[in-house]
Every structure is written in structure tokens, then in C-alpha cells.
Amino acid sequence: FCSQQEHAYPADELMPLTCRGRVRGQEPSRGDVDDALGKFSLTLIDTLDTLVVLNKTKEFEEAVKKVIKDVNLDNDIVVSVFETNIRVLGGLLGGHSVAIMLKEKGEYMQWYNGELLHMAKELGYKLLPAFNTTSGLPYPRVNLKFGVRHPEARTGTETDTCTACAGTLILEFAALSRFTGTSIFEEYARKALDFIWEKRQRSSNLVGVTINIHTGDWVRKDSGVGAGIDSYYEYLLKAYVLLGDDSFLERFNTHYDAIMRYISQPPLLLDVHIHKPMLNARTWMDSLLAFFPGLQVLKGDIRPAIETHEMLYQVIKKHNFLPEAFTTDFRVHWAQHPLRPEFAESTYFLYKATGDPYYLEVGKTLIENLNKYARVPCGFAAMKDVRTGSHEDRMDSFFLAEMFKYLYLLFADKEDMIFDIEDYIFTTEAHLLPLWLSTTNQTISKKNTSTEYTELDDSNFDWTCPNTQILFPNDPMFAQSIREPLKNVVDKSCPRGISRAEESLGSGPKPPLRARDFMASNPEHLEILKKMGVSLIHLKDGRVQLVQHAVQAASSLDAEDGLRFMQEMIELSSQQQKEQQLPPRAVQIVSHPFFGRVVLTAGPAQFGMDLSKHKAGTRGFVATIKPYNGCSEITNPEAVKEKIALMQRGQCMFAEKARNIQKAGAIGGIVIDDNEGSSSDTAPLFQMAGDGKNTDDITIPMLFLFNKEGNIILDAIREYEAVEVLLSDKAKDRATIFKGKMIPNYIIDSNLEMENMDQKSSESDAHKPNSEEAPSDSQDAGAVGEEPEGGGESSAVGDPDPLSAASTASASVSMAEEEDPHTSGPAEASAPEPACTPGDSQPQEQNTQTEATSKAHWDSKVQPMESILADWNEDIEAFEMMEKDEL
């Protein structure tokens, strides 16, 4: 917090690698992620009640004075309604809640007169124009100064929003109404929740990910408990706790029954289709679902909470952090980790419910990993890739608002707190709202008598609070007995079980054709494809393309077989592509004052030393070569000898640069992109290709850095002159880096805070499993070569071309003709489409561009995976339309 105030205030967020504030419009756009930034000192407001939880009352008082004095909420800027509600409105209300508590105690905040509440009310009114829709669902964005439909608002044209975006308002809006006596806020939030409830899929009682705010039609019809839906379920249960309205509990119970019936496949939580809930919608999970075990604890359903939490913990032990997404066989799907707090939240609730010291060990692991891998001189940096340990210049406000709060509360004893935390409920951003609001300014009718609820046979619904005497009668080993079978679930990579659809058929017929067995020249296979509604199209370049139309299948069962075949083909193509790619590498700055804390994501080369086979990596001081492009004989070999050479991209082939610096005596090379402002934060990484000749003569390692990451090293040289780096396949533990050397005292001191936790956790008999190595699964990386100037650069990497929507519902994957000896089997496919995350854009995968195909009018040799999956979802919708009467 102090670092944020020193280096970033009054900016919304801290950029911990470059030690400056992130100001919207002054940094390269990150898309939807930037919608959380409103030039209103976001991190300061989001952290207010955390300061009181940490017993930093003096700092809290000064922070409140700063907010009152400096924060302006009337900015001409478009922000996310969801993010502004949970972070800023919630932060102001949480700050007000603890401010009046401190004032009542009589020592601090005696001057406070509700200023934060006045600001919250002002902000609430600025969000209300977003609700100007016929459905009552809010627009996803609003202009703080001009609202939605004003000519200068630059928003109001959106048609869709995610379920969580519209359904995560009731706690903050109701609290604002109860605090101020102004009922309009709670009324608007209730209307949005009522509309979502009425639009649920009645046969499954599930909701989709995104919904049309004008018509109420589901746009994305997959359903889960992660990104896009997560906090909708959370707020139904917590609204019952805070407001005492039974209708919210009845809705939550109805949804929860559906979740446990269709989505929960212990220990996994897999998305399904709302109309066909026995059919899985995808084979991977996103990290936001890590909140769900904590919600299950509040619900009182402890067994599945323990199971899912343990599975997630095993993934964390393998990668040090929870990847943004991972597959059902626990491979990395999206490698980023923006220091999300959801797993820490569930850990806290499980410890509160069970008292099991095992969860203190889990918390200790989280803290150790944060200090070891994420801590940088100016704060904590998000992980760009959990496999390499590379960093991203990002520290979201939720890290201080939630992560610090939950980890502190996990280890805090009652006497460590200056107030009773049990008197408050946590919002989804971990802001504190007092439970006495349930009896204050009740202007809304509690019961919605017009709504019918499904009669559910679930004894869990009788539980209102977890009680260890009820949950674990005379059995202190109960939780451990649940965890034990899952202890090695990730390492064993459990075999894929039969699908829900196949399970429902019992001992019925097996799929008529599996993707792995398909041969394009087999007439029998082609006949089966035709029956399943799958067409085979011969392209001009000799490849074939598969397109599936569910409406052309011989029957609904054949259409379902066709969809399953296409899904298998997509997975097969994706798997083959990943096997052909090299993973990203790491450049770690190990000299003073970085000492290994700064790790930069680097692109690999298809020639030179393979760093994955040289685990120690290559370590040395860096030196800038002359000429800087490295395209001719090096004129300063004495400066380069036994060092790692820095050079600029362009004007010749990468392999030529490598040969020139190797001849000058360099032990390694780093090529820095000449495209000003390029960054691994916004651009896909790529591989440096050879020159078409034999490159066995190149024996030194070569890595590629984008302009922004390269400038971090160049800036360090200007300031410190001697800069030492480590080139490796992934970031190394600092204990390994400094083995046999003197480690600076402050690195040792940074871990002193762990001593009390060590002492506390050592009293338990819980066994702490050894951490595992990160996997070698690679991200999709493009191969890049360079051409001499005049001919231009031949690059297979670039921003993916935008794709137009397909005119027909089709799922397609390109594959080579069997007769072509050079291209047998499925062709490559790009990374899957990210899920909708409120206010957070999902991480980008690396992409490979190749030849064009006339079929789809795009520039890649193979149709990108996001388009394939989008088309596949359209097929499912078409299939559902066939069964409309039945449904």
C-alpha cells in the first residue's frame, strides 16, 4: 500500500515493474481490463477497509482524508458498471462502515461526518443511467459525466452484458439505500435480479453467460460457476444473509440444486449447455471458479467444497499459482495469473468452518509463493506465465482489497482484530457491510409472491450456518479423509471419464466414428460424416475442411454424434499444435537492485542452445553491440566477449545476428523489438526462426524481447551500468540463483513476516506436500524470420485479423489430405476463445498465421480456434432449435 501511494498516487493502479502509476489513456490500451480505471484513485478507495482489518487505523484515517480531498467522480470517462460498483461504490461503503464503527469506539475518526457515504450516493446516481433499458438490466458501461445515451457519452450502443455484470449489484445498491434511506438503488438492483431469474432456462434452472439487455435472450448459452456468472450466485445467497429476504435464498437453492446436478463433477466444475445440461460445453476451467468452495461453505455443503478446493491446491502446487485457465487433465490452458484472490478466499472460509490447521499450511504456501515469485521492488507483479515465472507490469486493486485481507484474517486471532469480523458480510470484492442493515430503512417488500419455486429435496437447505459439531460429529479426521483421494489427482492426470451424454445412454452404441480414426479417403467414413451432418470440402491448396450443420443430420442423435466428433477434432488439432510449439522463455535480472525479482517474458529461437535441456540457463552481464542491429561484423568484440549481447531487431535474419555475436565471443544474445511500444502484455509472443540453412553451428542461446520489456533492461543499464541477467526456460528460485553467493540482507528480511506463521502452523500435524515443478506444456507460439532490408520481414506473427460472423451455423477444422505425405493428420488450430469475465479481458494466447483459405476469408492457414468454437456453439443452438417443441 505504501509503495502504491509512493509511486502511483493519484493514479488508479500501480505498475510494479516500472514503478509508476497506470493512468488510462497514457498507457497502451488493454481492452476491457481498462474499464475498471476511472481516474478516481481506484486502488486507494478499494483498499480503505483493508487498512482497518490490518489494524492500520492511522493510515486509514489519512487515506479517508485523501479520498475526500482529492477524488473526483465527475470525470468524462467510460467505465464498467460492474467493476465500478464492486470496487469503488463497494470501497466507499466499506470505508464508511468501518469509519462509523471506529467513530463509535471514540478514539479515531471523531471528525468523520459521513463524507464517504455522500460520495457513494453521488456515484450511485452516476450509475443509474445505465439501467435505462426495458428489461431493467444495466448497460455494461456508463460515462461518469454524461451517462449512457448523451451525444458525448461514447457508450450506450452495447446490446449484451454478462450475467454476473447485471446480477452483482444488490449488496452495494441495497446497502446504499439502507444507509441513506433512498430506496431507488435497491429497487433497480432487485429489478435486474428479478429479470435474470425469470429468464433462467426452466428445464435446467441454469443461466447463460451473456444476455441481451433489451430482449432478455441468452447470447452465450453455456453455464458454469466461473467467469461471467460467478458472483450472480454469490449475491443471491449473500443478499439473503444481509437483507433477510427468503426469496433470494429460494432462488439460490434452486440454482444450487442445478449446479450440483449438472455442473459439479467432483472434484471438477465443468460448464454445460443450459438447454442440454448433460452435454459439457468445454473441457477446461477458469480460475474464477476458485471462489465457489467458499460459497459452498456459506451454504453449508462442506464435502464438495473440500474436494474442489483440494483439486485447485494441487494445481497451485504444480505451478506455484493458479493458471487463469486449465484443462480437465490439468494442463495449462491460459498461463497468466493476475494475482487473483478467489482461492485465498475459499481457504479462509474452509478454515473458519473446519478449524483444520491444514488450511493454515495452504495459506502459508500462498504467502511464500507471493514473496518468492511475485514480489518486485515496487510491489507485487502479476504473472505473465506461471510456467516460466515471467511478470506482467500489473497489480490490480483487488490484490490489496482482497488477497491481503483474506490472508491476514486466515492467520489472525480474535485478539488481533479491533472489531468483530462476524458482524459484517463480505461483498465479492471483500468489502465489509454491517449485518444490522437488514433491519434498517426497509422500504422494499421482502417476498415476491408471484414467483414460483421448485420443490427441492435437499436437506442441506435447512442449514443456515456451517457448524463443525454438525458437520464433523466426533470425527476430526473428516476433512482429511475427503482430501486424501485427491492428493495426487494432478500428477496422475486422471483419465478422462465417460461424458454425461454417453453416461445417459447407458450401455448404448458407441460413437460411430472417432476423430482419431478418421481418414479422408475412406468412403465409409465419408458416409458416416454425411449422416452426422458433417460435410467435407476440398480446398484449392490440397487440404480438406470439415463443416458441420446440425440441421442436415439424419436424426437428433446423429447431430449430437456430429457435434461430439467436431469437438474431438478440435481438441486433436489443438493438441497436435501444442506439441509442435516451443514454450516461452524467461529473462531474469539478477544483479543489484533486482536480485532475480524481475522476470521478463521472452520469445524462444528455433536454433541455438535449447534452454529446456540446460536447466541452469546462461548467466552473464549484458552488453550492447556495435552495430546495434548485429547484421555485420561486431566492432566492439572486447565489450561483448563472455557477455550476453543486446541487439535490435531488423535488417537481417535472426540467425545472422546470432552468428555475428557468437563470433565476437558472446555467450548469449537478446534481440529487442524495434517496434516502439510493443509489449508481451498486448501482443502474442513468437519464435525466432532460422534462415532456411543448417543452424547447427549456432550454439549460444538466443531470446527475443518486445520493446517494452527490452527497455526495462536498457533503462537498468543506464542507471546501474553493470546489469546481470539469467536466460532460462523458466524463472529460477532466488535461493538457487544466489547459491554459494552472499544474498542481500533485505531479501532475507522480506521473509521475516513469515516467522509467526511458521510458528503457528508448526503446531499442527498437517503434512505440507512438496511443491512440484511447472509443466512443460507450451503456449501457441508463432515462428518468425527476418528478411534483409528492402525485401521486408517475413513474419508469421501479428495481431489476429478480425473475423466476420459466419453466415451459417458451422464448426470447421482444416486437415490435410491423407495422400499428402507432408501434411497427414489434423492441421494446427489456434487457442480457444476466452470466457466473459466482468471487467477483465482474458489473457491472449500466441497465434500462428499461415496461408489464406478461400473458404472463410481470413489470413490464417487454419481457421482460428475462437471462430471454430463460436461456430460450434452456433451448431448447438441450431440443434436446440430442432428440439424446441420438446424443450
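The backbone N, Cα and C atoms fix where each Cβ goes, and this holds for glycine too.
Under the heading active site, proton donor, TrEMBL lists GLU83 (among others). Within 10 Å of the C-beta of GLU83 (active site, proton donor) there are 25 other C-beta atoms, taking all protein chains into account.
For ASP230 (active site), the number of other Cβ atoms no farther than 10 Å from its own Cβ, over all displayed protein chains, is 27. Annotation source TrEMBL lists active site at ASP230 (among others).
Residues or ranges marked as active site, proton donor in TrEMBL: GLU324 (among others).
Contacts of GLU342 (active site) defined by a Cβ separation under 8 A and a same-chain sequence distance of 6+ are given as SER287, LEU288, LEU289, ALA290, PHE291, GLY294, in order along the sequence. For GLU342 (among others), the entry in TrEMBL reads active site.
Per TrEMBL, the feature Ca(2+) binding site maps to THR428. For THR428 (Ca(2+) binding site), applying a Cβ distance below 8 Å and a minimum sequence separation of six or more within one chain yields ILE86, THR168, LEU171, SER231, GLU234, TYR235, PHE291.
The feature domain 'PA' is assigned by TrEMBL to 625-712.
Here TrEMBL flags 757-866 as region 'Disordered'.
What TrEMBL lists as compositional bias 'Basic and acidic residues' is 757-771.
For 794-815 (among others), the entry in TrEMBL reads compositional bias 'Low complexity'.
If you look up TrEMBL, you'll see 823-838 (among others) marked as compositional bias 'Low complexity'.
The annotation compositional bias 'Polar residues' is assigned in TrEMBL to 839-853.
Applying DSSP to the domain 'PA' (625-712) sorts its residues as follows: 20 helix, 17 strand, 51 coil. Per-residue pLDDT, averaged across the domain 'PA' (625-712), gives 90. For GLU324 (active site, proton donor), the count of additional Cβ atoms within 10 Å of its Cβ stands at 25 [all protein chains shown].
Distance between Cα atoms for ASP230 (active site) and GLU324 (active site, proton donor): 15 Å, as a whole number.
Annotated pair GLU324 (active site, proton donor) and GLU83 (active site, proton donor), C-alpha to C-alpha distance, rounded: 19 Å.
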